[in-house]
Amino acid sequence: MAQAVEEWYKQMPIITRSYLTAAVVTTIGCSLDIISPYNLYLNPRLVVKQYQFWRLVTNFLYFRKMDLDFMFHMFFLARYCKLLEENSFRGRTADFFYMLLFGATVLTGIVLIGGMIPYLSESFAKIIFLSNSLTFMMVYVWSKQNPFIHMSFLGLFTFTAAYLPWVLLGFSVLVGASAWVDLLGMIAGHAYYFLEDVYPRMSGRRPLRTPSFIKALFADEAVVVAQPANVRFAPPPAEEVHQD
């Protein structure tokens, strides 16, 4: 069993493995009081006035208590992050990292701007960890890129992947979780999907082209599609040609 888990872990692509490891280590560290969540949460005032820039990253690593909700999100992170990196972003690790960076930036910007809007500031002030939202963003992007895959929710009913974010949003509401967290992930995911997949088809321009300095950080291996080399087919027998 331990060997199977080790093999499963080693076979994960680099970004998925790194993010999953950081999230589990951070959450376990907080549960054991080795790390304080007060040093991790998103606090714009501390970021700007006391230069605690690490909070812009660490708030995406902590998944609150180690309960059933934590296990669900670790499953989503391991599954859909891995599916995206291995399939849609195969051979494009830098592009996948840039997608996560874009999502994190959008989510942070929404929370900061929302905190300044009357009547909404109180709701956004309660969102101090965006890890669940970033995970939900990956689920949303995957569902948009694989809309026709058939899925089952706890064996109760089946649906296509295009409705997966809405099914999970409804489940969050049923169990009493905040819908804001999932909605933010859907907004960030749709922003990425539109700018990366829809807008380029409409205009021929790609606004989310990965910067060269990020590509320089990752040595992507080219994805080679095997093609038959100079295959010559023999002509059909003469009797078959004249049968018509």
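Glycine is no exception: its Cβ is also placed from the backbone N, Cα and C atoms.
Looking at 66-84, 123-141, the range tied to transmembrane segment in TrEMBL is 123-141. Against the transmembrane segment (174-195), stretch 123-141 has more CB pairs under 8 A than any other of 19-41, 96-117, 123-141, 148-168. Among the recorded stretches 19-41, 96-117, 123-141, the one sharing the largest number of Cβ pairs closer than 8 Å with the transmembrane segment (148-168) is 123-141.
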